[in-house]
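What follows is a set of notes on a single structure, which appears directly below.
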Amino acid sequence: SMASPALLMRVVASAYSVAEKAATIVRNVMSAGDLGIVEKAGPNDLQTKADRLVQMSICASLARKFPKMTIIGEEELPTDDVTEDLIEDGHCEEILKKPCPAQYTGIKEEELVIWVDPLDGTKEYTEGLLDHVTVLIGIAYGGKAIAGVINQPYYNYEAGANAVLGRTIWGVLGMGAFGFQLTEVPAGKHIVVTTRSHSSALVNECISALNPDTVIRVGGAGNKIIQLIEGKASAYVFASPGCKKWDTCAPEAILHAVGGKITDIRGNPFQYNKEVKHMNSAGVLATLRNYDYYASRIPNTVKESLVP
């Protein structure tokens, strides 16, 4: 008989289906028309009904199947009983069929930490920039992002009525990443993707120092990593606090699975153990290729302004 799939593959396979359910919730809230917007820390820090329902759905669905995992979500929510219609019990068969990378076959449930951003790019969601929006489920072990799922609920939304809406990208370190076409920016092109709604003098100083050919300003950390792996941008640069562990965990795993690199602006890797502080206070620098080219051009003044 076939050995049952390793825990990690079961978690990823479930997270895949849970993310697809999340996308349906995101689309349903939008089409119903009442976003239920609440300001958290200010007008650029919003929460909608979709953020709340999706987080409840993801956390409750995964906790029911894997009760010993630690699950950390962005939103502070009451831990009331979640209604059954929010529970996703399925899994992706394709993922279960793939062999688990050898270094992860012995993982126990209580050793995993799941970082959940139920709706990355909330501000863009409220403004109708729907292609910026992602659902992020990151899986960490030993403080390191090792697997991730990114769902884009509105992928293809401008492609006409018959287009299939939404897609799910997933990856595991040592295995690769799937659900998209890996593409590199043309050689010699320096295209920087950065924040759309959290700009500052420091953010702009840092970008100027890189002397890019083009700067793309979009919402969402998940969206920015997708720009890198699809060859639309060569570096994601954000010289500011503001990004949190649930923004970077899933994208980091996918980027690293295809040979890219993400650190803070000072070159330090991110830690994802459950005790870690949530804020990535020294910003973000990520590339698919040529990390050192960009890292070496970050001004010391910028690095010194950002304390990890």
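Backbone N, Cα and C atoms are what each Cβ position is placed from, and that goes for glycine too.
Annotated in TrEMBL:
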- Glu74, Asp117, Leu119, Asp120, Asp247: Mg(2+) binding site (BINDING)
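One way to see the shell of the Mg(2+) site is to take the Cβ centroid of Glu74, Asp117, Leu119, Asp120, Asp247; the remaining same-chain residues with a Cβ within 8 Å of it are Asp51, Val116, Pro118, Gly121, Thr122, Thr134, Val135, Leu136, Gly220, Ala221, Gly222, Lys244, Trp246. In terms of local Cβ density within 10 Å, Asp247 ranks first among the binding-site residues Glu74, Asp247. Note: Asp120 (Mg(2+) binding site) has non-local neighbours Val133, Thr134, Val135, Leu136, Gly220, Ala221, Gly222, Asn223, Asp247, i.e. same-chain residues 6+ apart with C-beta under 8 A of its own C-beta.
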